[in-house]
Amino acid sequence: MTDWFHWINLAGVAVCAVSGTLMAYQKRMDGFGVVVLASVTAIGGGTLRDIVLDIPVFWVQDTDYLYSTLVAALVTIIWLRFSPRFPYHYLLIADAFGLALFNVVGMEKALIHDAPMVVAIAMGTITGVFGGLLRDVICREIPLVLNGELYAITCIIGGVAYAIARHYGFESQWCVIISLATTVLMRLGALRWHWQLPVFRIE
Amino acid sequence: MTDWFHWINLAGVAVCAVSGTLMAYQKRMDGFGVVVLASVTAIGGGTLRDIVLDIPVFWVQDTDYLYSTLVAALVTIIWLRFSPRFPYHYLLIADAFGLALFNVVGMEKALIHDAPMVVAIAMGTITGVFGGLLRDVICREIPLVLNGELYAITCIIGGVAYAIARHYGFESQWCVIISLATTVLMRLGALRWHWQLPVFRIE
Amino acid sequence: MTDWFHWINLAGVAVCAVSGTLMAYQKRMDGFGVVVLASVTAIGGGTLRDIVLDIPVFWVQDTDYLYSTLVAALVTIIWLRFSPRFPYHYLLIADAFGLALFNVVGMEKALIHDAPMVVAIAMGTITGVFGGLLRDVICREIPLVLNGELYAITCIIGGVAYAIARHYGFESQWCVIISLATTVLMRLGALRWHWQLPVFRIE
């Protein structure tokens with residue numbers, strides 16, 4: 001993968017680490033709790049993806065990801081000591097970009113290892129949402145990704161957009177850009193207009 | 001594995017997907033929550049088994065399992081939109097067969113890869129119950145498989161039956177049939193007569 | 001690994017199995033719940049470590065660990081049937097030794113497979129605390145390792161002690177002893193004087 005890809009990927013990991021640290025703050029955890037929640041949120045999804053694909057786990061290969069997680073957690077802790085207000089709004093927007101990027105990274109990794117397209121879409125979604133799901137399970141929340149606004153479904157739609165672009169012969173970087181744009185726009189739209197996807201008719 | 005084995009296995013996955021979808025319905029989840037719960041319940045146990053045995057994960061190899069999960073979830077959703085009553089009773093019986101089958105599949109997979117018998121029994125049990133355990137943990141239930149009527153213990157007994165049959169020189173297909181019959185009968189008996197296994201004396 | 005190492009390792013697994021069984025007792029679980037909680041606590045951390053490092057899972061290779069878990073659970077069950085009082089105090093001390101040992105085992109395994117030092121420290125911590133974390137998540141507790149007295153942080157400090165000793169050219173067995181002593185003393189100190197590590201300033 002090219003160099004800018006690596007840097008954006010590190011940024012995505014950092015954004016997720018910040019969201020894990022904020023959850024630890026809300027739950028009044030201390031010390032190790034912060035490290036665990038930040039790490040699980042940041043690298044949990046990619047770890048499961050690499051294990052299921054049976055390829056080397058990315059943060060064992062490249063320790064930059066561990067350092068990125070720790071630095072992001074540390075900066076967030078220092079920020080929160082000086083100011084209990086945190087720019088949640090910007091975090092949600094950064095998170096939308098992180099989600100879209102993790103989704104594409106997961107798909108590309110799966111396709112490089114000759115996985116079928118439906119498996120690649122599953123891998124993109126796992127990379128995008130599994131870290132947040134683990135974070136919520138550990139904190140005894142019903143995972144946010146499971147009910148409420150569109151979250152993971154935007155990964156699936158971004159993955160389908162990738163598959164369609166690829167099917168019509170677009171080059172790889174265009175597939176990536178189309179998928180990223182679709183996921184980010186869907187997610188920002190869901191945040192702005194509170195889109196939901198009711199499947200059950202519950203009286 | 002032979003063709004009928006493949007089809008029954010797909011049916012087992014579908015039954016578990018239905019049970020995950022029903023849990024999502026009870027918890028009033030929507031959209032992606034249904035997909036996650038159905039998938040986790042249907043393929044979670046087999047995924048852990050394949051990862052621990054370090055063999056290719058079954059649904060990455062054969063996408064039929066993913067489609068089976070999605071179709072089962074979709075059919076259940078449509079059913080529930082038209083009728084809030086669901087034939088839970090038949091589901092429990094189907095689930096007993098699914099449990100027995102997953103158990104035998106897990107044992108066979110482990111034995112093919114030269115695992116010792118005690119590991120094979122553990123793998124059968126993991127395949128049978130881990131999906132349901134994950135479903136309950138995600139939904140913040142104390143897992144049903146852990147307290148209440150005999151569930152996982154029937155897997156272990158079915159596994160021991162397999163081991164005994166094998167020890168006395170029965171051919172492979174007979175070991176499978178003996179194990180299946182033992183697990184299904186134990187499970188249906190536990191459902192009918194509310195068998196329990198108290199190990200603690202709690203005043 | 002040498003013979004005494006193997007035996008102490010089995011003892012560490014047994015201690016964790018006892019702690020899982022005690023949790024099942026407190027939660028009034030029965031039958032299979034005890035087996036699952038004992039197993040998850042005893043071998044969960046090492047299983048995740050081996051999967052992430054992509055090496056054969058230790059209890060699939062050497063079934064002694066499964067038997068050690070089952071025997072420890074059985075002995076605890078029999079003890080609790082005769083006397084509802086359990087020597088929790090001794091268990092905490094045994095647990096401190098188990099934690100230190102799991103930590104060193106995890107680091108050594110990672111370093112043998114050429115992992116960088118920061119990954120090795122992460123692996124030691126995972127081996128030490130992940131079993132207990134899973135135990136608490138399954139029982140719907142907020143994991144003890146995440147808030148309260150110093151627990152996992154002692155693993156990290158023991159890991160850093162190992163790294164420093166190695167950096168200054170100590171031989172492998174001395175690195176092990178220094179790391180073990182650091183982790184055990186930190187943990188016993190945390191238990192005795194209720195050390196904590198507040199990172200957030202929460203009003």
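In case you wondered, yes, glycine gets a Cβ from its N, Cα and C as well.
TrEMBL labels come from automatic prediction, so no person has curated them.
Residues or ranges marked as domain 'Glycine transporter' in TrEMBL: A:7-79, A:93-166. Residues or ranges marked as transmembrane segment in TrEMBL: A:6-25, A:32-53, A:65-82, A:89-106, A:118-138, A:150-170, A:176-195.
Taking DSSP states H, G and I as helix and E and B as strand, the domain 'Glycine transporter' (A:93-166) has 57 helix, 0 strand, 17 coil.
Note on the transmembrane segment (A:6-25): residues 33-34, 37-43, 64-65, 68-73, 75-77, 80, 86, 88, 91, 94-95, 97-98, 101-102, 105, 131-132, 135-136, 139 of its chain, located 6 or more positions outside it, place their CB under 8 angstroms from a CB of the stretch. Model confidence over the domain 'Glycine transporter' (A:7-79) is summarised by a mean pLDDT of 86. Sorting each residue of the domain 'Glycine transporter' (A:7-79) by its DSSP state yields 62 helix, 0 strand, 11 coil.
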